[in-house]
Amino acid sequence: MSQQLPDSVPPDLFAARADAIASAARELALAGWTPATSSNFSMRIDDGHAAITISGRDKGRLTRDDIMLVDMQGRAVGTDARPSAETALHTQVYRHWPEAQAVLHTHSRTQSVASRLYANAGVVHLQGWELQKAITGHTTHESVLEIPVFPNIQHMPELVARVDAWLSAGKPLAAYLIDGHGIYTWGRDMAEARRHLEALEFLLGCELDLRRLNA
Ligand SMILES: [Zn+2]
């Protein structure tokens, strides 16, 4: 590995996180949610660092060597590799939620279509679905789960500011869509982040089916 680790980062910890990211990425790629090298995945290492996928790699073939270290401003640490262009959205989650340990971003067909369909409304309201309970903090299907849809702004600081504005308004946030692009969600460990991602993929798919049926 060309990744040099700072003294404060135990090599075993980085390797374990890198393996967990690579294995999750391969599985999500198999589901068809990461077309054409898109999508990116990360895990927290400590308060100052995260491990994240290197830009442009085929997510179906990821190994430990495709994962790099960044600081919480999204800058590469101990490597010449280039982190994903969207690294700032990952580090924003780690800065905002100290308990967040994993961030997943995918580009499935369902997520992409839903993001276009709800872009004008700026939000998807999910209500009445049993699987809403898969999202931590949602204990009943009767509550409303709001998934905002942000514009696909290529200038990352502006997109980060949009997410911050939602949070500053005091609204809960478990995930968000980006118009014509994909979804971001996270969790207190990789398993929780995976559960959130799978639940949201399912729920968005159900909403699209209802629209197709004009229900
Ligand atoms: Zn993306």
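Each residue, glycine too, has its Cβ placed from N, Cα and C.
Look at TrEMBL and you will find H105, H107 tagged as Zn(2+) binding site. DSSP assigns H105 (Zn(2+) binding site) to a strand segment in the three-state reduction.
Annotated domain 'Class II aldolase/adducin N-terminal' per TrEMBL: 19-208, in sequence order.
Cβ neighbour count within 10 Å across all protein chains ranks H105 highest among the binding-site residues H105, H107.
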